[in-house]
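The structure appears below as structure tokens.
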Amino acid sequence: MGHTKAAVLVVVLAVAVLGLATDGQAQLQNGFYTGKCRGNDVEAVVRGIVKARFSQDNAIVAHLLRLLFHECGVNGCDGGLLIDGPGTEKTANPNLSVKGYDLIATIKMELEKRCPGVVSCSDIEILATRDAVNASTGQGYAVRTGRRDRRRSIATDVKLPGPDFTVPQAAAFFRTLGLSSDDMVVLLGAHTVGVTHCGMIKKSRLYSYGGKAGATDPSMDPELASTYKTYVCPNTASSDNNIVFLDDRASASKLDNSFYKMLQRRRGALMVDQNLYTDGSTRWMVDRLANTDHFRWLFPQALAKLGEVNVLTGTQGEVRRVCSRFN
């Protein structure tokens, strides 16, 4: 009898520990930092710093959205992307053009002055992105906090969707994060404030589509292709770093549904974006987002979901003192 009880207890403990390890989401909560920062309102501190930065530089919205996706898309939202040094996530090719680290560091420094060792870098990333979206759209949304920072940051872990991914390839990646293909279509709407460079589209879309010399992607509006080839991305190496807006230039600094209207008109710059409209399985969702104002509330929901991918909570990981290095 004693043995059986002991065995049951071991199983119960094992399940409890497993629950802690696998379901960090359950331990996240609204207002996690309330009363934990010497009378300071942590979320108000973050919001103030982000708003001040946004008023000087509204590109910070695009920078933080990209930083968050590159963060949460690799081992979850754990602060791994923030670590400096050789062979870290930051040094992986897709992350070389990520920006916004300085703002996260500024927020961390301010919070460390007010309550040392309390607020994790991964929570700061989530809160700062939320506040940048809010500054841009006027749309606030709740995010749960209580994340901890992982003691891991390895360049070879970085496997993010490529600019030429098909819908099945991209959807398979999002599935690994526990996100649906609808979430994917909504989250790629972050490209409404994004830019890329000619080097990302010249080969695959403008000059050797399908590996054929001189071929242009037929899914691209011919007038747009001609503009790119003539003015923005001529077929010379010197144009590789020229900027290409992922949304209509007039709307490029606004978080709105204009990106989806561009896809309907075959004017998506990246193949992975245009494929959302070319592929019948996601076209209906693009139409829904283009033809209604649903993006306004679906985007914050999808961001909150992305922000809870594979998080550490409780006593897992650590709360870094400086975001760019482990304690």
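From the backbone N, Cα and C atoms, a Cβ is placed for every residue, glycine too.
Keep in mind that this is a model prediction, so the values were computed, not measured.
Of all Cβ atoms in the protein chains displayed, 20 besides its own lie within 10 Å of the Cβ of His70 (active site, proton acceptor). According to TrEMBL, the feature active site, proton acceptor maps to His70.
Summarising the annotation, TrEMBL assigns Ca(2+) 1 binding site to Val74, Gly76, Asp78, Glu89. Residues near Gly76 (Ca(2+) 1 binding site) in space but far in sequence (CB under 8 A, at least 6 apart, same chain), listed by position: Arg150, Val309, Asn310, Val311, Leu312.
Annotation comment: TrEMBL describes Pro161 as substrate binding site. Over all protein chains present, the Cβ of Pro161 (substrate binding site) has 18 other Cβ atoms lying within 10 Å.
Annotation comment: TrEMBL describes His191 as heme b binding site. Around His191 (heme b binding site), a 10 Å sphere centred on its CB holds 24 further CB atoms from the protein chains shown.
According to TrEMBL, the Ca(2+) 2 binding site annotation covers Thr192, Asp248, Asp256. Of all Cβ atoms in the shown protein chains, 27 besides its own fall within 10 Å of the Cβ of Thr192 (Ca(2+) 2 binding site).
Among the features that TrEMBL reports, disulfide bond is placed at Cys37-Cys115 (among others). For Cys37 (disulfide bond), the count of additional Cβ atoms within 10 Å of its Cβ stands at 17 [all protein chains shown].
If you look up TrEMBL, you'll see Cys72-Cys77 (among others) marked as disulfide bond.
The feature disulfide bond is assigned by TrEMBL to Cys121-Cys323 (among others).
Marked as disulfide bond by TrEMBL: Cys198-Cys233 (among others). The Cβ of Cys233 (disulfide bond) has Cys198, Ile201, Lys202, Leu206, Ser239, Asn242, Val244 as same-chain neighbours under 8 Å, each 6 or more residues away in sequence.
The annotation domain 'Plant heme peroxidase family profile' is assigned in TrEMBL to 27-327.
For 1-21, the entry in TrEMBL reads signal peptide.
Per TrEMBL, site 'Transition state stabilizer' is recorded for Arg66. Its own atom aside, the Cβ of Arg66 (site 'Transition state stabilizer') has 22 Cβ atoms within 10 angstroms in the protein chains shown.
Nearest neighbour of Glu89 (Ca(2+) 1 binding site) by Cα distance, taken over the recorded positions Cys37, His70, Cys72, Pro161: His70. Shown are the recorded positions Cys72, Val74, Cys115, Cys198; of these, the residue with the fewest other Cβ atoms within 10 Å is Cys115. On a Cα basis, Cys121 (disulfide bond) lies 15 Å away from Cys37 (disulfide bond). Checking each of the recorded positions Cys121, Pro161, His191, Thr192, Asp256 against Val74 (Ca(2+) 1 binding site) by C-alpha distance, the shortest gap belongs to Pro161.
Comparing the binding-site residues Glu89, Asp248, Asp256 on other C-beta atoms within 10 angstroms of each C-beta gives the minimum for Asp248.
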